[in-house]
Amino acid sequence: MLISDRDIRAEIDSQRIVLEPFEPAMVQPSSVDVRIDKFFRLFDNHKYAHIDPAQEQPELTRLVEVEQDEAFILHPGEFVLGSTYETVTLPDDIAARLEGKSSLGRLGLLTHSTAGFIDPGFSGHVTLELSNMATLPIKLWPGMKIGQLCFFRLSSSAEFPYGQGEYGNRYQGQRGPTASRSHLNFHRTRI
């Protein structure tokens with residue numbers, strides 16, 4: 001069940017949900033707004049002939065830090081990784097979903113391509129998969145609102161929350177935009 005602003009505040013007050021830093025004004029009727037950090041991962045397209053999720057490709061991306069009072073320019077058709085300014089910590093019985101801000105979506109900005117779900121037990125910065133679908137560059141200002149987290153109460157606590165090892169925890173405790181670690185649990189059924 002999607003939880004309301006009242007329940008979100010109660011979960012934050014009891015420190016079952018932790019957003020750091022937290023600003024009470026960011027709470028919306030059924031979500032909490034989150035901001036974008038100053039770190040981005042750019043794809044170095046000339047390092048590899050193709051992207052292979054089965055292989056570690058450590059030079060596929062490079063980390064860029066935006067200077068204070070500067071914006072990151074996301075060009076049309078470009079895809080980069082960013083992250084939330086806030087760290088997010090969830091209890092074992094609450095999951096979250098990152099959604100974009102409609103005002104930014106109307107400008108052509110996508111905040112995630114597929115990975116908007118955050119498992120119960122997760123702790124860290126949420127990596128954003130940013131795409132510019134517009135025909136003009138978009139300025140991304142560190143600290144601006146970039147999305148919103150919606151929280152869902154599970155029917156019971158997860159038996160193996162994220163970070164407990166049973167299902168993997170490749171991104172637990174991540175700081176900033178984290179490159180793909182798909183090679184660590186790559187699975188392919190031969191068909």
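Every residue number used here counts from 1 along the chain in the order it is shown.
Cβ atoms are placed via backbone N, Cα and C, with glycine included.
The feature dCTP binding site is assigned by Swiss-Prot to Lys101, Ser102, Ser103, Leu104, Gly105, Arg106, Asp119, Thr127, Leu128, Glu129, Gln148, Tyr162, Gln174. Within 10 Å of the C-beta of Leu128 (dCTP binding site) we count 27 further C-beta atoms, all protein chains included.
Residues or ranges marked as site 'Important for bifunctional activity' in Swiss-Prot: Gly116, Phe117. Under the three-state DSSP scheme, Gly116 (site 'Important for bifunctional activity') falls in the coil class. Less than 8 angstroms from the CB of Gly116 (site 'Important for bifunctional activity') sit Arg97, Leu98, Glu99, each of them six or more residues away in the same chain.
Neighbour count (other Cβ atoms within 10 Å of the Cβ, all protein chains): 17 for Glu129 (active site, proton donor/acceptor). As annotated by Swiss-Prot, active site, proton donor/acceptor applies to Glu129.
Marked as region 'Disordered' by Swiss-Prot: 169-191.
As annotated by Swiss-Prot, compositional bias 'Polar residues' applies to 171-183.
Secondary structure at Gln148 (dCTP binding site), as computed by DSSP, is strand. The number of other CB atoms found within 10 A of the CB of Gln148 (dCTP binding site), across every protein chain shown, is 21. The two recorded residues, Ser103 (dCTP binding site) and Glu129 (active site, proton donor/acceptor), have Cα atoms 17 Å apart. On a Cα basis, Phe117 (site 'Important for bifunctional activity') lies 18 Å away from Gly105 (dCTP binding site).
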